[in-house]
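> According to TrEMBL, the record shows the following:
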{"type": "ACT_SITE", "residues": "His237", "note": "active site, proton acceptor"}
{"type": "BINDING", "residues": "Arg48, Asp91, Leu92, Lys145", "note": "NADP(+) binding site"}
{"type": "BINDING", "residues": "His175, Lys179, Glu213, Asp232, Lys337", "note": "substrate binding site"}
{"type": "DOMAIN", "residues": "10-184", "note": "domain 'Glucose-6-phosphate dehydrogenase NAD-binding'"}
{"type": "DOMAIN", "residues": "186-482", "note": "domain 'Glucose-6-phosphate dehydrogenase C-terminal'"}
Amino acid sequence: MQTDSSFTFVLFGGTGDLSMRKILPALYEAHRAGGMLADSGKIVAVARHIEDRGEYLQWVNEHVKPHVSKNGLDETAWASFLARIEFAKIDLGNPDDFVLLRDAIKDLPGIRVFYLATGPSLFVPICHALASVGLNANSRIVLEKPLGYDLKSSNAINDAVGEIFAEEQIYRIDHYLGKEPVQNLLALRFGNVLFEPMWRREWVESIQITIAEELGVEARGDFYDNTGALRDMVQNHLLQLLSIVAMEPPHSMDSDSVRDEKLRVLRALKPIDPRDIGKVAVRGQYHSGVIRGTAVPAYATEAGVKPDSATETFVALKVEIENWRWAGVPFFLRTGKRLADRVAEIVVNFRAVPHSALGASALRAGANRLVIRLQPNETIRLYCLAKQPGEGMNLASVHLDLAFDQFFREGQMEAYQLLLLDVINGRLALFVRRDEQEAAWRWVEPILDEWKTSTKPPKPYASGTWGPAAASAMLAQHGTCWLEEEN
Ligand code: BG6
């Protein structure tokens, strides 16, 4: 893909964790691939505690290079990547410094992208400061999550940013939307005639969406303890995945057609009655345990976490969608830290055949299932029943696989790379529109409120397991179980 879209990519939070692990490595990969970034495109990193460009490049060499080396570093490409990087020492609290920024970038070509890889409390001050020096024109702004803490605070940020930038200039990142298999789900559903007729209540029994992590809160204890899994993962990533799975076919793939359909799903989520929360939501917190042979500590003893913390590190939910396509079909969502495995997947359980001429084994579980594995080993796998070789009609579960790395040996991109290219090229479809975000906050708020005041602490689970037993019991009530419990 050749591009001539020139750009000036201004990275606020230039020495932050996200810049180090995700944003700069993604820009490097796009640069290394060749043809994805216009030659004239520049990256302007903004930081306060670094004096000049030389010192910043040293920081990049020390901290970013190790993250890009995993695919084998191309030293020539690395050197030319560094040549794209400029630096601006800016104190975000000092509006005068933005005059310096404006002067530094005024002669640079192309669209301006302001990427706010900072805490959300800085979003509004940065936007005001940009506007005060006229930098909100001919520009795009990228907002990282968390965008607010609840509906009210998210609205406050969106109102303030919205006074300065038009909605078409605002790119709210949810990096799960940049994962290739998520977009492949759209291709699978809307590019093939096979699945769409069956993608509805008549043929689907239940759907599970899991994002499980082995990692704990790492160095983010302080942030996480004030956030919890519901805000960190459910309000955004899980509800976005749910809306992609459940949406109606859009009129086209243009950004508003896709986002309109996702919004319809979010607005159709059955509101949670606070009295039912115990039945449809499970919250847990990890205790000590063993992950892949290594002992790991309890959440409450992690740095930055209050010892009596009631913050959830695990959530499982039963969600319903009130529309004709999905009425009565339970969607089970689950996410947690320090679980038994790192896996993100969507499981569509189709109904059993209505009558089996092939005997009872044709009705058993393990077939009529589609599993979309987002990570690791991105695959779409369709489980079917087949006859076992030999005498008699004995059936066994077999699967048809679309393993992306076998079909497409080249061109796979990390989510951030894909999304950053979308920002530079002005493609909004994979970014969250304000109304989607509001609908998602509105839906999770009764749970947030209930848990805030509840006297019942989160249910404990040992690290290295699949979370509290209550999460399994919730599915058992619907005659089903989590995928790993079947194996
Ligand atoms: C982030 C969360 O949005 O997603 C983290 O803040 C979480 O807590 C991460 O670890 C998971 O993303 P991925 O792509 O590693 O599954």
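Every residue gets a Cβ built from N, Cα and C, even glycine.
Set these features in their place in the structure for me.
Secondary structure at His237 (active site, proton acceptor), as computed by DSSP, is helix.
DSSP classifies Lys145 (NADP(+) binding site) as coil under the three-state reduction.
Under DSSP, Lys179 (substrate binding site) is assigned to coil, being neither helix nor strand in the three-state scheme. For Lys179 (substrate binding site), the number of other Cβ atoms no farther than 10 Å from its own Cβ, over all displayed protein chains, is 22.
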> Of Asp91, Glu213, Asp232, the binding-site residues given in the record, which has the fewest other CB atoms within 10 A of its CB?
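It is Asp91 that, of the binding-site residues Asp91, Glu213, Asp232, has the fewest other Cβ atoms within 10 Å.
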> Can you tell me how far the Cα of Lys145 (NADP(+) binding site) sits from the Cα of Asp232 (substrate binding site), in Å?
8
> Within the set Asp91, Lys179, Asp232, which binding-site residues show a CB-to-ligand 1 distance under 6 A?
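Near the molecule: Asp232.
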> Over the span of the domain 'Glucose-6-phosphate dehydrogenase C-terminal' (186-482), how high is the average pLDDT in this prediction?
93
> Whole-number answer please: how many Å between the C-alpha atoms of Lys337 (substrate binding site) and Leu92 (NADP(+) binding site)?
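Lys337 (substrate binding site) and Leu92 (NADP(+) binding site) have their Cα atoms 33 Å apart.
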> Neighbour count, 10 Å Cβ-Cβ cut-off, for His237 (active site, proton acceptor): what number do you get?
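Around the Cβ of His237 (active site, proton acceptor), 23 other Cβ atoms lie within 10 Å.
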> Between C-alpha atoms, which of these recorded positions comes nearest to Lys179 (substrate binding site): Arg48, Asp91, His237?
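Nearest candidate: His237.
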